[in-house]
Every structure is written in C-alpha cells, then in structure tokens.
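**Student:** This structure is in structure tokens; I'll ask about it shortly.
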C-alpha cells in the first residue's frame, strides 16, 4: 500500500500529461485558424497577425509547448478566446452540470439495471426473460442522439411534460438522464444477469443451500455479494467516462455541461479552452478510476493492492 | 449396527432421471438402502457410476428442472421426497454435507468466522451473538485447527484445502448432525492430508454416534470407515453387504476389478516394464 499509492498517482499524472500533450499537438495539426475564427471573415492580414501575436500563436511550436507546460504547473491555462475569461474558470463553471448529469444517469442505471439483471437471472431462459433480453439489445443498439430526439419529440413536444433544452428546472434533468442511462441499463443489466447466473451455479452456493441457508440470503448475500464486485467496477468506469462529457446528449438537449463546451471550443479553435477541458476531465477520470481501485479490496478480500489490482 | 430399529435414513426405489441434450438419462436406477443410528454406509463405484448423484439427489441439491427424483426417501421417518418443503427442516439441523472439493465450497468473500456463525444460527440452538462466537471457536478446536481466533478472521482463499475441509466439517458439526453425507470428502485433497481428515471423521462419528453416508471410489477408505458397502455401477447397486465381506470375499467380478485397481507396494518389476515398452 505504501508503494502502491505513490506509484498509482505517478501513473495517473503521466497519463494526464501524455493526454494533454497529444491534444496540444493534434489541435495545432488540425486545419483551421483560431485567429481567423476570432477576428471574423472580414479581418485583414494585419488584424490576423495582431490577433496571432496577442494569443502567442506567432511563436514557434516548441516555444508554445514550453509555455503550455509552464502553465500546467501554475494551473492557469490562459484566456479562452471566445469567452474572454480564464479557460480553467470557464470549464469549472460547466463542470457541475456534467457531474449532475453523470451522477443522475449512473444512479438511474444502477437502480434499474441491478434489479432487472437479478430478475433476468432468476427467470433465465423463460419467454419473459427472452423478451427483456431483446429489449436490452435494442437499448444497446439505439444511438443516443436518436433516443434523445425521440424522447424530446414524445415528452417535450407532443406531450409537453419536460423542458426541451437547458437546465433551469429539475425537470430538465429527466430526459437527458434517461437518454444516457438507457445504454448503460442495457449493458449493465446483462452483465448483472451473467454474473448472477454464474454464482447461482457455483458450488459454494449449493453447499450453502445444503446447510440450510435461506434462498433469500443465497440470492442477496451470496450471489449478489459476489456478482456485485465486477458490476461495481463497470459502473465506476462508466461514470468516469461520463465525466468527459456526454457530448452528443449534451448537444441534443442544450445541456450546459463540459460536453457541449468542448464542441463549441473545437468549432472556434479555442486552444486554451480545449486544453483546459481535456486537462480537467482527464484528471477527473484518473482520480475516479483510482478511487474505484482503492475501494476494490474492500469488496473483494482476494484482491491485495499492488499485487493483483495493478495487473 | 446398533439401534437398527430406528433408521436415520431409509431409501426405497430411489431413481434420478437427468435431462441431458441427448434425452433422459437414468443416473440412479431403483436404489434402496437404509442407514441405522450410528452406522456408516458407503456407496462405492467408479466415476460416472451415479454415486454422487445419489447423494446429491437424496439431499435435493441437483439443479431443479434438470433432475427428476422418484421413489421414497425418509429421514428419521419423514418422507422428504413427497413434500418438497420437508427437506428444508433438516438442512443445517441434523443433516449435513461434507463436499467433494473444499476449495470451492465456501463463499469467497465472507470470512470463515461469519460462515461458521451463520451455520450455528441456522442450527437454531444458540441465539446470543457472543455465544455464537464462542461456539465457533469451540467447533474449530474440535476439528483441531490451530490458532483458532486468527483463522476465524481469514477468508477461504487464505487456507489450504485440508484446513478448509476441517472448517467444512466444523460447519457440519454446527448442525448437530444425526446424518452426515460425505461426498468423496478426501478425493480433492493431497494424499498426506487425506488420512488426517479420515481420522477426524472416524473419531467424530464414533464419539457422537453420527450416521454417515460415505461416497467414495477408494476401496481403502470404504474398508476403513464402513459398516455396510454398496457397490454401484451404471446407476444400480450390483453388490451389497457388510464391509469385511465385500472387501475380502467379493461375489461380483466388477467388485474384484475395483479391488484390484488399488495400487500395492511391492517389488519393482523392471523387466515387465521394459517388455511392455518394447512391444
């Protein structure tokens, strides 16, 4: 544990550093000119040159990179071109919205997928289970922008129950949450089912049955206690992935989160904003993943950190 | 062979049909036997003879919907086959199973102590938490596990196969067993550990007067522990009788073949090995 934690933190920081470095390079290789999109189509060459100088884009690439590395250590990644505010601050303002959507989605997914998966395991190979299985495959196959638009059409336009866009009331959270959760429910419920069936058929469960342990305890404590371990990891990893912004869903619902922010930053070639978004979401993903790994030995006594967990 | 009048287990015309991909397969065919108080009855046979299926079928632990049980199974005079709920009364309370492979027999994410206390709770004689803990300690001491307090906090993967089998015997003892079903209790263990486990079983059986149904393929084990031996082949008993008679004067060719399958220590005949290798 004493060597594990510093090692993992080091690995995490390296991951973040490589990610932001690659992004730094890629956005500068991609076509498009930040100065042009900032100064507008009618700008003269002199005006463009002035903007480039203002943003420091006239300097050689290597020098820009050195400046960027320096900025990483101060935590100030420069002014966003389009917001005219510190880029980090712009991202931090949007982050709570993404956190809200990710948390509500993962909670909904867990609350539906775990009971559903357990039900599917109990009714394994019946017609009802087959029907639900088909539904989960459908849920997995529907692209989220399409699900989102269908939900908008149904419950915001035809039956105006929820707002169509933005997050001004809690009702605005409902449709984006469902849209994000559908795919997760489809994937996680089938995983829960598979894990539960494996544990229902495990020798230790039948032997516990032979010593009079009730079916209720066998299902909840024995089977779910074992099946829950990989399911917890899967939910945690999915949550970490959502923190990078659920880009398509955020755009469909006009959700003011990090996902829609990065789309706007890319459209305007807002380099500092892109870099700040990538840095913060990568840091978050690494931290959440580390927390999941640290929680793992609490769930599974067979795992010792530094040996099996890092493998 | 004491108390022959009160049979702890009485099995008549017991049949197990398994649903397989190739149709219905009669794994156990019309088997009848009884176990008296304090008696040890062994079913011996090769792999696939139906001996383990008999044991698991009697305990109703075969997968539901894939195994059809018929006949009559009476535990202490009560028919547990006609009433599917009856078996639950005995499980963990007077009826216990010692499984084939101790390494996969315990919940991997629960401590030895918690699984032992759970068995004590099911047995229902002790309700106070503190007493459950001291009973758990007592049970582990009875199966001669060293440093008991320490072991109770461990998880199954931290113990060896032999130690786990002792834990499982302790869990079986928690139920105050009158009938113990031992399904090849030593076959998954190291040879050096087998004798210790058998000694322990014999000792507990003799001091407590537990009736035992022993399932084994090992004629040495059968001879050591049994009062009565039933030889099983293809789902049927082909020969039954007192242990000494079956081992010393087998009537059936199959039983003789089982007996001669036991390797014996003797002079090493190198010439025959060479001859075989050359041919």
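Keep in mind that glycine also has a Cβ here, set from the backbone N, Cα and C atoms.
Automatic prediction, not curation, is the source of TrEMBL annotations.
Pulled the feature table from TrEMBL, pasting it below:
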DOMAIN    A:95-292  domain 'ABC transmembrane type-1'
TRANSMEM  A:12-30  transmembrane segment
TRANSMEM  A:95-114  transmembrane segment
TRANSMEM  A:170-188  transmembrane segment
TRANSMEM  A:239-258  transmembrane segment
TRANSMEM  A:278-299  transmembrane segment
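Mind mapping these onto the model and telling me what they sit next to?
**Tutor:** Residues 61, 64-65, 68, 72, 266, 269, 271, 274-275, 278-279, 282-283, 286-287, 289-290 of the same chain lie 6+ residues outside the transmembrane segment (A:12-30) yet bring a C-beta within less than 8 angstroms of a C-beta in it.
Non-local neighbours of the transmembrane segment (A:95-114) in the same chain are 167, 173, 176-178, 180-181, 184-185, 187-189, 192, 231, 235, 238-239, 242-243, 245-246, 249-250, 255-259, 280; each lies 6+ residues outside the stretch with a CB under 8 Å from one of its CB atoms.
Sequence-distant contacts of the transmembrane segment (A:170-188), counting only residues of its own chain at least 6 positions beyond either end whose CB sits under 8 Å from a CB of the stretch, comprise 100-102, 104-106, 108-110, 112-114, 116-117, 135-140, 142, 144, 147-148, 151-152, 155-156, 161-163, 231, 234-235, 238, 242, 246, 249-250, 252-253, 255.
For the transmembrane segment (A:239-258), the list of distant contacts is 91, 94-95, 97-99, 101-103, 105-106, 143-145, 148-149, 152, 164-167, 172, 175-176, 179-180, 277, 280-282, 284-285, 288-289, 292: same-chain residues at least six beyond its ends, Cβ to Cβ under 8 Å.
Within the chain carrying the transmembrane segment (A:278-299), a Cβ under 8 angstroms from the stretch's Cβ atoms is held by residues 8-9, 12-13, 15-16, 19-20, 23, 72, 77, 88, 91-92, 95, 228-229, 232-233, 236-237, 239-241, 243-245, 258, 262, 305, 309-310, all 6 or more beyond its ends.
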